[in-house]
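According to TrEMBL, the signal peptide annotation covers 1-28. Taken from TrEMBL, the feature domain 'Ig-like' covers 40-123, 127-222, 227-300. Here TrEMBL flags 347-367 as transmembrane segment.
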């Protein structure tokens with residue numbers, strides 16, 4: 001290099017050009033890596049990647065800046081680190097059986113001037129243990145409030161807890177406590193007002209954590225509720241009429257099962273001949289004096305409930321006389337409410353009328369034929385012996401004490 005009057009300026013410019021070219025070369029090599037999350041006890045993989053490498057040396061350092069791998073050589077005496085891949089563009093190392101002590105920042109270093117560094121943070125995830133679910137009380141009465149708790153212990157990071165009742169998501173109150181070893185214990189409390197529909201409903205606490213899936217605890221609600229009462233008319237199927245029997249059944253459900261069922265008549269006494277057997281009530285030979293409201297009452301340890309049945313006794317069905325005709329279609333009773341029994345009565349009456357008419361007709365025919373055969377003659381006293389004669393003339397001639405030339409006598413009956 002020539003020294004001139006302005007030599008110092010020439011040297012400075014040369015150094016600047018060389019430095020700028022060097023910086024452009026270093027920036028073009030682009031060293032990179034990625035952060036890693038791994039569950040405790042599993043394997044983590046760290047990859048140091050170089051773009052446009054110019055044969056510079058790659059090495060991997062631990063959080064204490066101790067060399068784990070220098071190119072494809074492992075100076076560190078920890079056999080859990082194993083070389084997965086080494087080339088001009090990548091150094092990939094695996095770490096098995098990861099523990100919390102392995103957590104920290106690992107350094108990928110490229111030997112340039114000055115050296116390049118890229119950082120890979122290893123985060124160790126610790127899943128929580130099985131959730132513990134507890135309730136304030138095992139059995140709760142409808143309308144009351146109960147509290148459920150769910151606890152997830154020993155996790156890192158802290159877990160979150162969700163509540164589900166069947167398909168419905170509920171919201172609890174969550175608290176997080178950190179232990180001395182950096183672990184977290186999470187507790188969620190759920191307050192719930194129950195109804196009889198909640199009896200047997202599943203309630204689940206679900207744990208959300210990056211290190212675990214489908215971790216939950218579940219229990220079923222047991223709810224006590226007062227009886228549900230319903231009266232059913234077992235007989236008759238239709239209207240209640242005078243002279244018929246009545247049978248009522250009281251259907252009862254509750255938890256616990258109702259231990260006492262009773263019948264009464266509101267504002268009056270039940271008929272004296274009423275038969276009550278447990279949940280059944282039977283009255284025979286109804287009449288209108290039995291009209292009223294009959295009540296079934298059931299009770300259990302939670303409460304008491306009842307249902308009412310209003311009895312109205314209708315008149316007994318009556319039979320309407322039918323026209324004398326052989327056309328059975330005309331015997332149909334079109335009055336609403338009479339039903340099949342009335343139609344059967346009309347059919348019987350029609351049959352009887354037909355038989356009577358047929359008998360009368362037969363009698364008339366027989367009498368007519370009889371009178372037709374004996375029309376016009378009868379025998380006098382002179383015609384004795386007619387029983388032995390073939391006809392009336394011979395009877396007169398042959399009659400006892402008769403004469404051969406006696407003139408024939410006839411009388412006519414008109």
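Here the Cβ of each residue, glycine as well, is placed from N, Cα and C on the backbone.
Heads up, TrEMBL stuff is auto-annotated, nobody curated it.
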### Summary
Checked against DSSP, the composition of the domain 'Ig-like' (127-222) is 3 helix, 60 strand, 33 coil
### Query
Helix, strand, coil residue numbers for the domain 'Ig-like' (227-300) per DSSP?
3 helix, 41 strand, 30 coil
### Query
Within the domain 'Ig-like' (40-123), how many residues are helix, strand or coil going by DSSP?
3 helix, 43 strand, 38 coil
